[in-house]
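Input: a single structure, listed below in C-alpha cells.
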Ligand code: NI
C-alpha cells in the first residue's frame, strides 16, 4: 500500500526515531512495512525513503539507485535495500558539496557539504549484520537518508543560503556551474 509522504513543517519529521526492535526483525509486520516503502518510493520516483517520512518512528530507510543514472549522474547501482538501525562512520572528514533534494521538501534543491568517504553498518530485514563503504554521491545519499532518523532535513545543513533553489531555477542557473 502506498503511504503518504509527509512534508517539511510536519512535526514527525523532527522526531528522533527509535531503534527498530530486534524482536520485530523478520516479522510479517516488517515485511509489510518494507513493501509499503518500496511502493511509496517507486511511486515518488526518489532514490531513498526513511521511515519517519511516512510517519513511522523507527530507524530504518530504503534506498534504490537502479534507475537513477539519468537524473542523478554517476552513482553505483544499489538494488532496493532496507537499512535497519544504520550507523555511519566517517572515514575521511574532508567534505565536498552536492545539490540535494528531498521527497519531504518538494521542488527545492540546496547545496550541502558532507564527508564523501564513509562506512555504513546496518541490519538486514532478516537480522544479518551488513557493512558497505560509500564515496561521493552515494555517501551523500546515505547521510541524507539517515539524517531523517535524527529529525534532520538537508535544509538544516545548507551553509550558504544563496544556494537554495526551486527545481526550475536550479536547472536554469545552477546546474551547469555547480553540479558535480
Ligand atoms: Ni529526504
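Every residue, even glycine, has its Cβ placed from backbone N, Cα and C.
Taken from TrEMBL, the feature active site covers 145. Secondary structure from DSSP puts residue 145 (active site) in a helix.
Residues annotated as Fe cation binding site in TrEMBL: 102, 144, 148. Here the Cβ of residue 144 (Fe cation binding site) has 24 other Cβ atoms within 10 Å, regardless of which shown protein chain they belong to.
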What three-state class does DSSP give residue 102 (Fe cation binding site)? strand
Neighbourhood of residue 102 (Fe cation binding site), C-beta criterion under 8 angstroms, separation at least six: 8, 108, 144, 153, 154
